[in-house]
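Pulled from TrEMBL:
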- 5-264: domain 'Nodulin-like' (DOMAIN)
- 6-28: transmembrane segment (TRANSMEM)
- 87-105: transmembrane segment (TRANSMEM)
- 117-142: transmembrane segment (TRANSMEM)
- 148-170: transmembrane segment (TRANSMEM)
- 182-200: transmembrane segment (TRANSMEM)
- 220-240: transmembrane segment (TRANSMEM)
- 247-265: transmembrane segment (TRANSMEM)
- 306-510: domain 'NFD4 C-terminal' (DOMAIN)
- 310-330: transmembrane segment (TRANSMEM)
- 351-373: transmembrane segment (TRANSMEM)
- 393-417: transmembrane segment (TRANSMEM)
- 438-459: transmembrane segment (TRANSMEM)
- 479-502: transmembrane segment (TRANSMEM)
Amino acid sequence: MENGKWIATVASIWIQCSCGASYAFGIYSPALKSSQGYDQSTLDTVSVFKDIGANIGVLSGLLYHAVTNNHRDSTPPSSRFGSGLSLVYLAGAIQCFAGYFLMWLSVTGVIDRPHVLFMCLFMFMAAHAQTFFNTANVVVAVRNFPDYGGTTVGIMKGFLGLSGAILIQIYQTLLDGKPTTFLLMLALFPTIVSLLFMNFVHENPSNTTHDKHHLNNFSLIALAIATYLMIILIFQNIFIFPSWAHFLTTIILLILISSPLQIALTAQRNEQEESSTSPTTTPLIVASEAQVDSHSPVVEMNLIQAMSTVNFWLLFLAMICAMGSGLATINNISQIGESLNYSKVKINTMVSLWSIWNFLGRFGGGFVSDLILHKYSWGRPLFISLTLAAMVIGHLIIALGGSLYFGSVIVGVCYGAQWSLMPTITSEIFGVKHMGTIFNTIAAANPVGSYIFSVRVIGSIYDKEAREEGGLCFGTHCFMVSFFVFAGVCVFGMFVSLVLFFRTKGFYVLLMERRSKHLE
């Protein structure tokens, strides 16, 4: 079986499904807290290093560029099986295993209780591994499908968003009630999956007329998995599942996750038939790496060059507003629910369903922006403005004591959308050659914004209200001011992203004209 771009896409999807262990922190954090004797503040400090590790992937971008750049000009795409790209996955696998395995040794008492700084290091390594898997999968997807970058990034980021729910479902089937063993599973499962499939992922930007059709089929599978997980999560929060029910639902889930392979085989067969009956068209992605004429909108910037542009900082500021306020919301959703007298079941359901809303945003942001871009040539920064406008509504609903369910759905979907929009915009404005490094640098806006809005806004205002009430705060007023601030921040982000939209409007028109000529 030829190792084509469709098989590479399936391998990337399966790796993405396994590598989002940072989203499952709530499962093992109680065991970590009790075994190490941490108070809540210390546990929060450890979790901050999780957020930093999972979102700052500059090293993964630099490694990706270093190990693939030398192969790109000298090695034919069809023969890159086992090329330098595997080193990116290997670096992620080593960090993933080392981080979670050392945490497991600490929690089970195999090694003496480490200093909290070492535990922060273990957590950082474990979460940082995710950036290596994610960078390789996303950049390869953009290179393999240059005309549908939004859709492919949405698929990859969407499956990463679902991975937390997938890992938790496997945990509940095999290890329910054993969160310490879950740490060992997190050390082994993503490591083994990435090592098994890493050699199937490679750049092969062949151009076919039916890419969109097959990508849409991948999207339908992703939506089916998300819907299935949502139904399972709701029923598991209402009913007590016996062991056989957990086993059956997990088997069905694994079958759904395996189904992209059939789509890939069909797509690859169609591609081979097309190549035998029609001349090959030079992929757009190859042309983008060459020196192009002065009228072409395609550019290739490295990180330093990108950071010297106004567009970079406009995108970074917009992400601080969107990602920061969104992450601060989910980080505090349990406390918000408690202050509004929501039951534990309702709070757990909202926390569990966040991964579904996150997925819908990641998938929808890429898919819809691709659709509108190809039809009207509207630049993707406009969709950042639209999602920020929706986030204003979500934050105001929470601030005014409306339905926390409804508000969290809006914020969750819009937060997820940034994860498909931002990397795709990065590849289009700054080029794909250094895309991994640049979009991982912009992703630092996530933990930066989370710190500002979680600690300096929500934390400070809540503590002030709690002190006035004798320790705990109950009622809408506990978080009202914070979410009014978030709404104002998102309005500012709308303005910033609109400026970026108008600055790049002509660029996107030229880009779509060039793509149209290329496809002709």
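All positions are counted from 1 along the displayed chain.
Each Cβ is built from the backbone N, Cα and C atoms, and glycine gets one as well.
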Looking at the stretches 220-240, 247-265, 438-459, which one shares the most CB pairs under 8 Å with the transmembrane segment (6-28)?
247-265
Under 8 angstroms, Cβ to Cβ: which one of 220-240, 351-373, 438-459 has the largest number of such pairs with the transmembrane segment (310-330)?
438-459
For the transmembrane segment (247-265), give me same-chain residues lying six or more residues beyond its boundaries with a C-beta closer than 8 angstroms to one of its C-beta atoms, as numbers and ranges.
6-7, 9-10, 13-14, 17, 166, 169-170, 173, 214, 217-218, 221, 224-225, 228-229, 232, 241
Do at least three CB pairs under 8 A connect the transmembrane segment (87-105) and the transmembrane segment (148-170), leaving out pairs fewer than 6 apart in sequence?
no
Tell me, roughly as an integer, the mean pLDDT over the domain 'NFD4 C-terminal' (306-510).
90
